[in-house]
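Summarising the annotation, TrEMBL assigns signal peptide to 1-28. Positions annotated as transmembrane segment by TrEMBL: 299-323, 432-452, 486-504, 532-553, 559-578, 590-609, 615-639, 672-691, 697-718, 730-750, 781-800. The region 'Disordered' annotation in TrEMBL covers 351-394. Residues or ranges marked as compositional bias 'Polar residues' in TrEMBL: 361-372. What TrEMBL lists as compositional bias 'Acidic residues' is 385-394.
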Amino acid sequence: MPGAPEGSGGALLCALFCAAAAAAASHGVRPAPAAFGRLYRGAVNMSAERVYAFAYRSRPGQVDAVRVSVNSSSENLQYPVLFVVRQQKGVLSWQVPLIFRGLYQRTYNYQEVSRTLCPSEATPEAGCSDQIIFVDVASMAPFDIAYELLVTRLDNFQIETNKAFNFTASPSQPQYFLYKFPQDVDSVIVKVVSDVVYPCSVVSIQDIVCPVYDLDHNVEFNGVYQSMTKQATITVQKKDFPGEQFFVVFVIKPEDYACGGSVPSSIHGKFNRTWNLQRTKNLQVTVVPSIKKSVYVQAVFFSFLSFLSFYLGSVVVAFVHYVRLTSSYGSVSIAGSGIMTSSHPITANTPEGSSYGAIDESSSSVGRQLSSPERGPQAGSDTDSSVEEESDFDTMPEIENDKNVIRTKVFLYLSDLSRKDRRIVSKKYKIYFWNIITIAVFYALPVIQLVITYQTVVNVTGNQDICYYNFLCAHPLGVLSAFNNILSNVGHMLLGFLFLLIVLRRDILHRRAMEMKDVYTLDYGIPKHFGLFYAMGIALMMEGVLSACYHVCPNYSNFQFDTSFMYMIAGLCMLKLYQTRHPDINASAYSAYASFAVVICLAVLGVVFGKNDMWFWDIFSMMHILASLALSTQIYYMGRFKIDLGIFRRAVMVLYTDCIQQCSRPMYMDRMVLLIVGNLVNWSFAIFGLVYRPRDFASYILGIFICNLLLYLAFYIIMKLRSSEKLLPIPLFCIVATAVMWVAALYFFFQNLSSWEETPAESREKNRPCILLGFFDDHDVWHFLSATALFFSFLVLLTLDDDLDTVRRDKIPVF
């Protein structure tokens, strides 16, 4: 009998075949015995159908798979040829021509179809089993339709570890193979590569369950899957498969739009074109063991110990600083980082009110007359009082006109802009700290809830196209798909907390100095207000939290989580830099955070409308330019140029008077140079956005903030050196460290390991292996270095003016 294997089991197979034949004959169709590897040709119509029977004995210790290939020359969709394959545990059927549907209900017909049947289970080494497969061929056509049938047994159905396997697939000829976990392997990485981008394909990992979903319309029904162009990577864990084995399924899609391609122009309007083998793709699959648990432990220790070493370094620096002070002075009074000896000509018991906010003889007479009303309570009473309402923070009503005189002087000194009661101003800046904590809590909780939902959807549906990971270096832990991207954000939280401790130490020392009536604390150096520094530390910690949340499932719709506190960090740094020499006229916490809220709203609108809508870019660019002009006016006139309905009329009058009627030199040349350069930079950003309309709108806004911050910091340092002020060793070291860290961090940032601006399949083409400890990728290194760079940047702002602690405020210029 053809197809009956030889050997001792031949009699048993014959008996099985005869019984099956009798059952089939009772329905009027007698099966024809058939052999594997032989091509059968025939014709069917509505009154004549064919049944083929294939019998075989499974090979001991192996999983046997059978592949059925059929072909029909008919393109008649009204009368297709129907193929039904019956096995012991299931039925598989399809028609020829096989129809696939694409975008806008386009149809693609294939006359050649190959399907792999659900394999028989592996048997123990000592045993075997006999199998029979029936292939029914039928059609409802009133005329004969020719067909071809070929059934083969697959010799290479099981994928081996660390061995590349090559094959070819098409939409009508999907492929799938079996992989078994070795005993000593708990997790593997399935890597699939191709030399060509298209046709678009899908890689799926499915459990050993029949039927296997291996067609375009059902491959997403089971298991874990990814779309693919040239590269796909899926990490598979043994604990997810009780049988310790799984199928790797490969499906070619009929169209490429899911992978970033377009529908071929040659088929527009043609809905019934026959494709056959025009969309074949050569693929190579390799299964390699993933990292062991010890690598996870090493990575965790590395992450924490690397940043905890900064704590040790800070303790050493503080101790060395303390030893140097005690060895250099017999009696030391520390205020922030400033020092004071009792031998100074100005006695240490000078009351606070006689010096704080006083203006030197070089200042205006108005300042001397007004130093008396600004007296505040004793330094020891630096606590919040219920009678100090917010309305007291900016109250100088009786000298409103004198503000215009003082703040519009050609040469301004710090004493001119630090005249308010220290306690009131300090309380004003503490609001920054309390407000950012409130914002962080209300912002973070919904974000955490949302990303948990994202991760749950990924785990339940198996759709790995939702999240844009670097799949070649995505190490799962528990329910998290990429634990390494989350762990690498620990630096932001640890260094943010360390910065808070450093600021707290300075704050405590400053308070102690105030209690001792230290004259240097009262009338010398930059006024010490720590509220903005505390807010910066909280913002750095929250950046780590929200960046970790974003990397739970990175995609275009939640990227603003990763950037929101970056905006706030950049804005707070600019505010702190401005507050240093303008403590009385800096923005309030409410207006500052309201401005940040507007920016975040624009970022959200940019994600939604910024891709294709020109009207959005027109409005945003106009707002950007007008905001730059308004802010420049406020800075140039020290807040004395009111922004109201009459601003345009006054601006025209100033331009006419100073530029047309008489072209005079600007009164504040340094400020004018800064503002001109700043406006050129911002206008360039606005024009760039209007012309190119970058898709990554959140990063575009962040670039505006960072460029403005760097411009202002460079101007501040240049003016500081120009004013014959010094850079002490610690701030100089921090500046150098900041520059080095930012350069290194940006190098890794621009490696582009994924991109949600593209399709998931296109994004995976950029995936790269891990580069650090076999656990962290380039973006993780960016997290480490950027956290360090931000920490040093904060230290620059904290220590930049330590050299002025022994300089009178009426000698410190304002710029």
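Every residue, even glycine, has its Cβ placed from backbone N, Cα and C.
The stretch from 299-323, 432-452, 615-639, 672-691, 781-800 that makes the most Cβ contacts under 8 Å with the transmembrane segment (532-553) is 432-452. Per-stretch counts of Cβ pairs under 8 Å to the transmembrane segment (672-691) identify 615-639 as the leading one among 486-504, 559-578, 615-639, 697-718. In this chain, the transmembrane segment (432-452) does not touch the transmembrane segment (697-718); fewer than three CB pairs sit within less than 8 A of each other, excluding pairs fewer than 6 residues apart. Count of Cβ pairs under 8 Å against the transmembrane segment (432-452): among 486-504, 590-609, 615-639, 730-750, 781-800, the largest is for 590-609. The recorded stretches the transmembrane segment (781-800) and the transmembrane segment (486-504) share 3+ CB pairs below 8 A when only pairs 6 or more apart in sequence are counted, and are therefore in contact. Counting residues 6+ beyond its ends, the transmembrane segment (299-323) has Cβ neighbours under 8 Å at 337, 484, 487-488, 490-491, 494-495, 498, 501-502, 505, 730, 773, 775-776, 784, 787-788, 791 in the same chain. Within its own chain, the transmembrane segment (559-578) has Cβ neighbours under 8 Å at 432, 436, 443, 447, 451, 532-533, 535-536, 539-540, 542-543, 546-547, 549-551, 586-587, 592, 595-596, 599-600, 603-604, 607, 696, 698-699, 701-702, 705-706, 708-709, 712-713, 716, 756, 790, 793-794, 797, counting only residues six or more beyond its boundaries.
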